[in-house]
Amino acid sequence: MNPLTSYLSSISSVSDVKKLSDQELHLLADEIRSFLIEHISKTGGHLASNLGVVEMTLALHSVFDSPKDKMIWDVGHQAYVHKILTGRKHLFHTLRKYKGLSGFPKRSESEHDIIDTGHSSTSISAGYGMACARDLQGGDYSVISIIGDGALTGGMAFEALNHAGHSNTNFIVILNDNEMSISQNVGGLSSYLNRLRTDPAYFKMKVDVESLLTKIPAIGKAVFKTAEKAKDSIKYFLVPGILFEELGFTYLGPVDGHTIKELKMVFKRAKNIKGPVLIHVLTKKGKGYSYAEENPDKFHGISPFDIETGSVVPSGSGRPSYSAVFGKSLVDLAKNDPSIVAITAAMPSGTGLNEFAKTYPRRFFDVGIAEQHAVTFAAGLALNGMRPFFPVYSTFLQRAYDQIVHDICLQNLPVVFCIDRSGLVGNDGETHHGVFDISFLSHIPNMTLLAPKDGKEFERMLSFAAAYQGPIAIRYPRGESDNFATITVDPEVNPLKAEILTEGNDLCIIAIGNMVRTAYDAAEALRSQDIHCKVVNARAIKPLDQETLLQACEGIEHIITLEDHVVTGGFGSLVLNLFNRKQDIKEKQIRNLGLPEAFIEHGDVEELMEQYGLNVEGLISCIRKLLGK
Ligand SMILES: Cc1ncc(C[n+]2csc(CCOP(=O)(O)OP(=O)(O)O)c2C)c(N)n1
Ligand SMILES: CC(=O)[C@@H](O)[C@H](O)COP(=O)(O)O
Ligand SMILES: [Mg+2]
């Protein structure tokens, strides 16, 4: 290769990868790592996971023929290398930007992206479905699901392993084991995998033992049976991956995930094995960038950073995030209430639980990527006298709908759901926006749902929830907490009571949570133009503070409800029902402002809010139109 032109610039499609020798592929791997670090330091994104799969992805595209052979990336946050090799490297300056490259596989982006992913543990189910379809259609291609050790802790992955295992369907599962979820991986499976990783003798021994045992001459039935039994029992102790073998998979590994020659050899071998195969690949998360290797948690999902120092470029006003407010408040509450325990589904850092975990290790539970289990585990804790707090991203809570209904609300248990990342989250896009939680929670009997307008109110709601007799959820957005200290200073505020922030009789805006600031700023701007809007901070989404809301709207014709949530089944629909039931709705013009019933694309939150008319300017123009001014 001409030293002046890089290997990376020679790759315009996956077929170019196949032309390179193993040595050249390793040189290409170095260039891809520099490319990833360079670009993600500017755009932000999932750096550590992608640095860990460079050689594996190169080997995959060397041995298999995408898109004929189908590659399914679990979660999909580690598919940047796949995207670079499949003709999208020139788009990486737009990574996760509005109308730019998605941070996850997107079928609309490329034929090489076989399925849209973003939520964990779906790849084996989807892959096995595709393999079964292929066999029904007489197809002749490989289906490969690539799943991380974190994602493998998701129950759905085991449902799929169980289903696929005892079939003779040709299907390949690649387990990318880097011992990390976002934080350190947890659970019995993780320790099992760790044993496989750390006892290479296992792998060597397996080959010796197997070849020895197969040499035992089958003298007579009895001896052969004994030999088989001996083989099975020895295999049980010595053959790594026995767990997967017992489920019906042929286990190959563990394989060094950074040696392309070895990877290609195992992938080629797997192609020719009948039935389901699981390849256990060992990788290092963050490989090739020392800051990410030392701190894979921080560099899992990283904002723009300085390559030289590894430090994140500071942004925002410096106010604590809602997650930080949550984490600090919970440590304070737990000091005086020993019944308080905290549960996370593999997201301690993202939900602000690191401090609590350090302070109260016995009262902290990381269940792995297992939201369904987390909720019913919380039910068990609550039934036995504890007060569980479960901070979880809105979008991931979708996984546990039935557990919330059946195991928490039906039994009216005192569990606190702290719904982080509610509303638009921005750069993660469709699979991560938290815009359905009001719709899927507000209709469940016994569920109470609150939304704070700022950090102070959030603290108040958390202490209220800690004493609440029943299921209660508090929804709050990603990012910095707001601060209305100059307006309401009542520390003992009752979170079930709405509050009137500003007076006015031309129109009434009833807003929730993060949208109260938008309503307040729009009303302030309009006041100077002689348009007087009343602003109500609803605080409680369910039950609504009917008395305050009805009173606040007396004598006002135009009402706007404002939410960072889909309008269908959202907060506005609850207000509409209230006025329908309580008052002659004909007297009122009620406009529900929120998000459409659509999957909202990725981009910066500000851009998306503008796009959907939910920023201050959008609200002002809507009010002017309604009032004809
Ligand atoms: C249902 C669900 N819960 C939580 C997450 C958040 N999440 C994204 S990646 C990740 C860890 C994945 O670990 P692993 O599969 O080992 O991949 P790695 O980053 O180590 O390559 C988690 C918890 C998610 N995407 N989906
Ligand atoms: C891939 C994934 O699901 C997580 O890494 C998620 O992107 C984290 O989101 P935050 O950056 O909001 O914590
Ligand atoms: Mg991992």
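Yeah, the Cβs are placed from backbone N, Cα and C, and that goes for glycine too.
The thiamine diphosphate binding site feature in TrEMBL is assigned to HIS77, GLY118, HIS119, SER120, GLY150, ALA151, ASN178, TYR289, GLU371. Residues or ranges marked as Mg(2+) binding site in TrEMBL: ASP149, ASN178. According to TrEMBL, the feature domain 'Transketolase-like pyrimidine-binding' maps to 320-484.
Each of the binding-site residues ASP149, GLU371 was scored by the other Cβ atoms within 10 Å of its Cβ; the lowest score goes to ASP149.
Among the binding-site residues HIS77, HIS119, GLU371, not one has its Cβ under 6 Å from an atom of ligand 3.
Mapped onto three states, the DSSP output places GLY150 (thiamine diphosphate binding site) in coil. Looking at the residues that bind thiamine diphosphate per the record, HIS77, GLY118, HIS119, SER120, GLY150, ALA151, ASN178, TYR289, GLU371, the two CA atoms farthest apart are separated by 32 Å.
Of all the Cβ atoms in the protein chains shown, 25 others lie within 10 Å of the Cβ of ASN178 (thiamine diphosphate binding site). Between the binding-site residues HIS77, HIS119, HIS77 has the most other Cβ atoms inside 10 Å of its own Cβ, all protein chains included. Of all the Cβ atoms in the protein chains shown, 30 others lie within 10 Å of the Cβ of GLY150 (thiamine diphosphate binding site).
HIS77 are the binding-site residues among HIS77, HIS119, ASP149, GLY150, ASN178, GLU371 whose C-beta comes within less than 6 Å of an atom of ligand 2, given in sequence order. HIS119 (thiamine diphosphate binding site) falls within neither a helix nor a strand when secondary structure is assigned with DSSP, and so counts as coil.
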